[in-house]
Amino acid sequence: MTTPKFARGTLHTFQPPEQVSQVTRALHGVGRKVALVPTMGALHAGHRELIRRAKRLPNTVVATSIFVNPLQFGEGEDFEAYPRPLDKDLEVLKEDGVELGFLPKASDLYPEGATVTVHPGALGDELEGAVRPGHFAGVLTVVAKLFNIVRPDYAFFGEKDYQQLVLIKKMVRDLNFDTRVIGVPTVRERDGLALSSRNVYLTPEQREDAIVLSAALTAGAFVGRDGAEAVLATARQTLAARPAVEVDYLELRGTDLGPAPVDGEARLLIAARVGSTRLIDNVPVVLGAAVDHPEHAPDAGE
Ligand code: AMP
């Protein structure tokens, strides 16, 4: 097979994995780097921020995959209903200067008889994994496959899905992938709601209720100096104002999602149902006396 044509500055889309592999291999052969931004489509400003960061890298071609991965959806979840506005997404990729679009079909990635998956370890059964059994095995398996197909030098993931980001970094380390994983802070609406492809499911009233997730996290983080109990109590108090929001979990953890330190950097995470829509969010928190350390000053950088 000859290598598919690739001209810089325009969007090229490929469906077969072998074609994408050939193109990225050829790009590496002429000294270019490849940055991958994996998505499930229905692109919004959060995805576009990942693309924008990837575009900043010198001498690097940005590849974006769009694939609604059946393996990471559980029984009764929204796999069928998940939005798939492909034409609009391709316009976004063009506008944002993405040069490589990878749009595999499920049968391309999961041929009949494929049974081997990536096991996330204990963290895969906590937080999101406790509510969505098998979810992270599905995520890690598809990300491992994308990495093997694209061989990216860099891969960008949002902090919005914090547990996913931690597990992908862990997979890269534990399984020796030759890809640098870069986390990007969550992009939010002006009122704080984290952008998500699932926000389109919300009615106007539910959209109002949903603001309480980020409000609770922000309020909790604000009292980090007073310690873990104060953070959780403050967040819970904020949540109580919206009884229609059903919280699956509200947890304070370490930045690696182990136990939170008494003093230092931590992460406050929430998952909640608003009607039948499940939303997740998280924020960084600095706990205890560490708040006064210069590196945690508000203008200490990104
Ligand atoms: P998804 O299409 O939902 O699988 O998301 C694809 C990538 O975009 C993941 O790495 C997400 O964490 C990231 N992402 C989704 N929403 C946001 C957001 N609001 N801000 C930053 N990144 C996001």
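For all residues, glycine too, the Cβ spot is worked out from N, Cα and C.
All TrEMBL annotations are machine predictions without curation.
Keep in mind it's a predicted model, so treat the numbers as computed, not measured.
Taken from TrEMBL, the feature ATP binding site covers 40-47, 158-161, Val187, 195-198. A C-beta separation below 8 Å, combined with a sequence spacing of at least six in one chain, links Met40 (ATP binding site) to Ile66, Phe67, Val68, Asn69, Tyr82, Ser197.
The active site, proton donor annotation in TrEMBL covers His47. Listed in sequence order, Val37, Thr39, Thr64, Val92, Gly158 are the same-chain residues at least 6 apart in sequence whose CB falls under 8 Å from the CB of His47 (active site, proton donor).
Proximity of Gln164 ((R)-pantoate binding site) to non-local residues of its own chain (separation of 6 or more, Cβ distance below 8 Å) is seen for Glu128, Phe136, Val139, Phe157, given in sequence order. Feature annotation from TrEMBL assigns (R)-pantoate binding site to Gln72, Gln164.
What TrEMBL records for Gln72 is beta-alanine binding site. Cβ contacts within 10 Å of Gln72 ((R)-pantoate binding site), excluding its own Cβ and spanning all protein chains shown: 21.
Highlighted here are the recorded positions (Leu43, His47, Gln72) whose C-beta falls below 6 Å from ligand 1: His47, in sequence order. Shown in sequence order, Ile66, Lys88, Asp89, Val92, Leu93 are the residues of the chain, 6+ apart in sequence, with a C-beta less than 8 angstroms from the C-beta of Leu43 (ATP binding site).
Sequence-distant contacts (6 or more apart, same chain, Cβ under 8 Å) of Val187 (ATP binding site) comprise His44, Ala45, Gly46, Glu49, Gly158, Lys160, Ala194, Leu195.
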